[in-house]
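Per Swiss-Prot, region 'Disordered' is recorded for 1-48. Here Swiss-Prot flags 10-20, 28-44 as compositional bias 'Basic and acidic residues'. The annotation repeat 'MBT 1' is assigned in Swiss-Prot to 52-152. Summarising the annotation, Swiss-Prot assigns repeat 'MBT 2' to 160-260. The annotation repeat 'MBT 3' is assigned in Swiss-Prot to 269-364. Look at Swiss-Prot and you will find 370-414 tagged as zinc finger, backed by sequence analysis. Residues or ranges marked as Zn(2+) binding site in Swiss-Prot (evidence: sequence analysis): C379, C384, H398, C404. Marked as domain 'SAM' by Swiss-Prot: 543-607.
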Amino acid sequence: MRQPNRKRKLSLESTERMNQDRCTGQTEEEKKPGEVTTPSKRESSVTTAETWSWEQYLREGNAVAAPVELFSKDQSFPEHENGFQVGMRLEGIDARRPSVFCVLSVAEVCGYRLRLHFDGYLSCYDFWTNAGSPDIHPVGWCQKTKHELHIPRDYRKDKFVWMDYLKACRLQNAPKKLFRNRSSNGPVPREFQVGMKLEAVDRRNPCLMCVATIADIVEDRVRVHFDSLDDSFDYWCDVNSPYIQPVGWCQENGRTLVAPQGYPHPDKFSWTDYLRASQSKAVPAKAFGMRTPHGFLPNMKLEAVDKRNPQLIRVATIADVDDYRVKIHFDGWDHKYDYWVDADSQDIHPIGWCDVTGHPLEVPYGSKHVKILPGQPACPTPGCRGIGHIRGPRYAGHHSAFGCPYSDVNLKREAALQDRLREQTQANLELDPSHSKSENPCNLNVNGKCENANSQCRLVQQAKCLKIKGKEDIDLDNLFRVLVFHPRRLEYSAAQVQQMLHQPLSMTSTSAHPFRDIPLSREQHCKLLPGVADIQASQVARWTVDEVAEFVQSLLGCEEHAKCFKKEQIDGKAFLLLTQADIVKVMRIKLGPALKIYNSILMFRNSQDVTEDASSQEDKR
């Protein structure tokens, strides 16, 4: 595909025309769970009274576009058109689990981008990527390269054969020629070998430099795994990445190296002792390359994927830069939506990329050229036109702040991608990042694996402070005193019941199992909310929208509010993630019923811990 003439007029009008031919996908606000999109023409997201063009926009704002030369081959204009079609099967990396290769299908095609669907799973786990992504491979790649293929749910691993699967389901595999538009820095140096140790930046917590292992090597990239953590923290990078450094780099540069969980005396970590104990070798320092700093400058214009709504690409400005990253600001939007991204990310492109590839471009908010299409769902968030949903691709649109990816109630929530392999629903609580979740650190395995399933704790200190949704610290001791239950008092007036239900149920404590210290508090709430007893979070997570509404209707005094949950299409997983603010401020339910519903949610969230704790105590006896 050719690069556009710099004098050519780049307009939304041509984008819409190309979009009519190349974009396929559903237009309904709600998509059916697990449904794969069939080809259909997708309406442009905007209409224009006049033609919007980059040329005019740059001239009027006296702005400058980021030069095409600053973009890598993966970011710049593709050499070939996107030949993928809806329904084609392929293999690829799970965006949430970088170690897992899965059976994928093309659910939607838009310009040079794909929405990929995990066969056998709900569409809420779908994710977007470019057609030239190094994370996708043709059918049979895993078998050829000896990688394990994570097969569709309900299929037996020893019985799954690609050709039989395609034939039985009358499916088509994506031709190998479609996987050709890739850049490569050449093969990984032979000095890099699987199992070797190094020091690496934790991409989720960039201030941390941690002990890590080379877990896999594919073509020109390596997979970095953090010793003692699960593979959801892994990431792929090339050997020139600034995120990986040789053993001893932290000591030489005065940086703190985070030892693996469970390592004795982490403040006295010794690479010599650790390598000997793990019977491993360090990656030779000479094998590491040095990436040249990018040439991006503040105020340069470009086109960027909206990470809160990944189906959209917006007109953007570089707000700030550091050595290897740029800060993206969407023109016309509040700076609270700005975010940092690697300078070589496939989510940023030169101006005109959308026009050339046939992808819709979201023009700046407040532009006089933008008009809302008739019938488009209304959203109260300024700038949002009802496109996308905080719960990901399962819903094509929203009409309230509850589902809006940009609303204040969702601003601190991670949008779009959900981990389909993590069965246990995570409680909507955040520990202070300077503390761990548990008083018992993960048991260290010298091969870099974590023997404790709860491996998200990053430091070894005991949790003493709890933060809920980024708000003020809670005095746990005072909270527990409020929750003490007097067993002799077996009868309560209606007012007393309401008063007790208005008291929040503690989610955690300084111990790993909170209810060990306050067993009567749970007993109290079970008596006041009998419908909650013996129901675990894993069961609630499987509830449908109707089942959630039915449960809310069963709560005394909450009958009339069941329709709110049905209207917002809240299923079991979404129900478990609700906060008190969501129920009161977004769904506009009065405080009394809201607290009763929220306490039920807290009971559900903690039921699993209580059951496991009881089983553990029984085993010890």
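Including glycine, each Cβ sits where the backbone N, Cα and C put it.
Sequence features, as recorded in Swiss-Prot, placed on the structure.
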| residue | record | CB count, 10 Å |
| --- | --- | --- |
| C379 | Zn(2+) binding site | 22 |
| C384 | Zn(2+) binding site | 20 |
| H398 | Zn(2+) binding site | 26 |
| C404 | Zn(2+) binding site | 25 |
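DSSP assigns C384 (Zn(2+) binding site) to coil in the three-state reduction, outside any helix or strand. DSSP gives C379 (Zn(2+) binding site) a coil state; it is part of no helix or strand.
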